[in-house]
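Asks: Structure provided below as structure tokens; questions to follow.
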Amino acid sequence: MNISPSLLPSWPLSWGLTASQCHLIALIFASSYVGSIYLTQHVFLPRAILASAAATQAKAAQGSAAKASNASHVDVSSKAFRDDDDDEDDDEEEDDAPKLGTRDHPTTIRLRMKAVGIATVSSLLIVWSVVKHLSGTSWTESLLPTIRLLGLSIPSFSCLSWTWIFPYLLTPILFLGPLFAEYLDRSLPFQRSSSSPLAQKLIQLFDFSIIDYRNYVVGPITEELTFRSAIIAIFLLSHASPSSIVFGSPLWFGTAHIHHAWEVYRSGGSTSQSAQRAVLTSLIQFTYTTLFGWFASYLFIRTGSVFPPLASHIFCNRMGIYLPGRAARRHPSSKTAILCAYVAGMAGFILCLWVY
């Protein structure tokens, strides 16, 4: 397992951090990322809730005043029926919409995205500071080595080759089965509205809701910059072995997702059943995030770039988990083809990863 030459610390970075310093800084990065989420939850979000409640009360007061002023001009029976219908519609909308304070409410999402963005930038600046300190150079002179360590170097078009493109194909190969299942579902991006013109399809493809923006843009970017770029850079500065980087650094990524157990526990009513569900959910999340972290870290040290892991992260978030059993139940006539696609995808991924 070889590390990309662009990631190897060069003179005067031949001496670096100790293992203890490495893990301490990695702990700071992971804690600041997760801590920023809970900081917004307990500090900034309550203020937003109070402001929203005040705005809702003011709007309700205005609505009541308007109804009172128009009462003499409206038939009582028709008004009663209309008000009942309006109340039912409002109740349905309130039931469907996420509650203020939950993770999918727009206010919560915006606050959390800002918080993790600040935490991510802070981690990158700390890496820059460490490189400057170890090299004994100025901020300007240490900038390029920092960019290389973070895997943020942009390859020139002259460097584009099959070797550069191949890492981006590994994840789609692994998801060959789910992609085939979505093809049968006619749910792939360009299948959803076959009669629409190409320009409209492209617009629909990038028509993100704020939840999509969190899941496919801000989330993957901040997580990869923190848990891949920043933490692996610190591991490299401690002269950790490639195996330690690939299998050790992702543990911070997996551990950082355990906090979701608390949200599952609270949303389930804080009961014993919700506690069991929270533990099971956290174990599953820790497992698959760590497994993905191994793969993403391997891509990072082999390519010397954070962009292949980032592309894989976005792709995995988009695909989700589409089990072959579910696909076979939806398309029983294509059961054999579905199973073959899943097996071919896994076999192709293992073979390509082994060759790469």
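Any Cβ shown, glycine's included, is placed from N, Cα and C.
Sharing the feature lines straight out of TrEMBL:
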COMPBIAS  83-96  compositional bias 'Acidic residues'
DOMAIN    215-317  domain 'CAAX prenyl protease 2/Lysostaphin resistance protein A-like'
REGION    69-104  region 'Disordered'
TRANSMEM  15-39  transmembrane segment
TRANSMEM  113-131  transmembrane segment
TRANSMEM  165-184  transmembrane segment
TRANSMEM  278-301  transmembrane segment
TRANSMEM  336-355  transmembrane segment
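Just tell me what is around each of these and how deep it sits.
Replies: Taking DSSP states H, G and I as helix and E and B as strand, the domain 'CAAX prenyl protease 2/Lysostaphin resistance protein A-like' (215-317) has 87 helix, 0 strand, 16 coil.
Long-range contacts of the transmembrane segment (15-39) within its own chain (CB-CB distance under 8 A, at least 6 residues past either end) are made by residues 9, 112, 115-116, 118-120, 122-123, 126, 130, 134, 222-223, 226-227, 230-231, 234-235, 237-240, 249, 252-253, 255-256, 259.
Long-range contacts of the transmembrane segment (113-131) within its own chain (CB-CB distance under 8 A, at least 6 residues past either end) are made by residues 13, 17, 25, 28-29, 32-33, 35-37, 39-40, 44, 139, 142-143, 145-146, 149-150, 213-214, 218-219, 221-222, 225-226, 229-230, 233-234, 237.
The list of residues near the transmembrane segment (165-184) in space but at least 6 beyond its ends in sequence, with Cβ under 8 angstroms from a Cβ of it, reads 191, 295, 299, 302-303, 308, 311-312, 315-316, 319, 322, 324, 326-327, 330-331, 334, 337-338, 341-346, 348-349, 352-353, 356.
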Asks: Hey, which bits of the same chain come close to the transmembrane segment (278-301), Cβ under 8 Å, at least six residues off its ends?
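Replies: Residues 1, 3-4, 7, 151, 167, 170, 224, 227-229, 232, 242, 245-247, 249-251, 253-255, 257-258, 260-262, 264-265, 268, 308-309, 312-313, 316, 353.
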Asks: Sequence-remote contacts (6 or more beyond its ends) of the transmembrane segment (336-355), Cβ cut-off under 8 Å?
Replies: 166, 169-170, 173-181, 184, 295, 298, 324, 327-328
